[in-house]
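Marked as transmembrane segment by Swiss-Prot: 15-35, 42-62, 65-85, 101-121, 129-149, 160-180, 183-203, 219-241, 265-285, 299-319, 335-355, 370-390.
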Amino acid sequence: MEGLQPVRSLFTRFFQLEAASGLLLIAAAVLALIINNSPLSYLYGGLLDVPVAVQVGALNIAKPLLLWINDGLMALFFLLIGLEVKREVVDGHLSKPSQVILPATAAVGGMVVPALIYWFINRDNPAAVAGWAIPTATDIAFALGVLALLGKRVPVSLKLFLMTLAIIDDLGAIIVIALFYSGTLSSVSLLLAAACLLVLVAMNRLGVIKLGPYMIVGLILWVCVLKSGVHATLAGVALAFCIPLRTRNAESSPLLALEHALHPWVAYAILPIFAFANAGVSLAGMTVDSFTHPVPMGITVGLLLGKTVGVFGLTWVAVKLRLAALPAGAGWGQILGVAILCGIGFTMSLFVGSLAFAPGSSEYAGMDRMGILTGSFFAAVIGYAVTAMASRKTNVA
């Protein structure tokens, strides 16, 4: 389509960015672990507990720095996810039903099976069961970054399969957060949020293409959603769906412009900051029994085994029932490798974990992070090895 940046260039830039940011995410997580397990641990905890307040008239928002990161910065991350989902649905791979069936089926399996495994392991503990959604998430930056390390050894169709699967997985995570991880609701704030949403929709329908007005109303929407009891990050998704992809003269795309501007900030600043703030697990007093506790065990097994069985299993079923075909040029070994890579939950799992087990108010807050880091690490290493070996055999064949 004329006026819109070609899908191929967006796709190439996307993978280049995610591959580089994945290394930064790892560095941020490792740095957090080192600092929080050193004599400087008091600085780490103290920094995240620093109170930050914003007051405008009667409106007062006071939170520790950690919650500003999780509720504020991550709203921009979800804004970017929403922009990517809308672009793919309107003018990308999610706009063609035939191309959606396989990754959508795989994504469903990759959410249901890990959740069932976690529930089964923690079924006798109602408080621990609250973390059932933690192993259902996939970190799109890490998963695509690891796959990008294989370069041209994997077909583009396989990368598209993983990207589409991860986007659908993110959409599923958004729905889960909205339905299961919202607090006590405020009817007044919800009505104000609905009014903001109506204004955004009206602006879209009236052909407003300047991003400024959308950002201003979006900020007000975020405040209303924050005060409503619904998780504030969902305001980013709602705003994204109202940003126009196309304009009447087709000379520019507000959505693509915003996506282009946000991508480096999210990849190189927001996600690393989030990883640093949430990955600092204290290893003091940790033993083998700590890893075999039902919470970290459920998360680790859910990510590593559940994702693999769910994604690979339902992909196999869809292909055998002739509902869809394998990505062009990809073999079953590569599909298995990608299924394992989907077990890299990291940032998304950490985010869901912060909702299920709030830091400072839940005894499982550190345990969930331990399971996430363990499961994600082994999923990355094993997934890379399996995909690399399968790609070598495919190339030889």
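Just so it is clear, glycine is given a Cβ too, placed from its N, Cα and C backbone atoms.
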Among the recorded stretches 42-62, 65-85, 101-121, 129-149, 265-285, which has the greatest number of Cβ pairs closer than 8 Å to the transmembrane segment (299-319)? 101-121
Under 8 Å, at least 3 Cβ pairs, sequence separation 6 or more: does that hold for the transmembrane segment (219-241) versus the transmembrane segment (160-180)? yes
The transmembrane segment (335-355) versus listed stretches 101-121, 129-149, 160-180: most Cβ pairs under 8 Å: 129-149
Among 65-85, 101-121, 160-180, 265-285, 370-390, the most Cβ pairs under 8 Å with the transmembrane segment (129-149) come from 160-180
For the transmembrane segment (370-390), find every same-chain residue at least 6 residues outside the stretch whose CB is under 8 Å from a CB in it, and list them. 29, 134-135, 139, 142-143, 146-147, 149-150, 153-154, 279, 281, 286, 290-291, 295-304, 307, 331-334, 336-346, 349-350, 353
Same-chain residues at least 6 beyond the ends of the transmembrane segment (65-85) with CB under 8 Å of its CB atoms are 47-52, 94, 167, 170-171, 174, 218, 222, 226, 231-241, 243, 255, 258-259, 262-263, 265-266, 270-271, 273-274, 277-278, 351, 354, 359
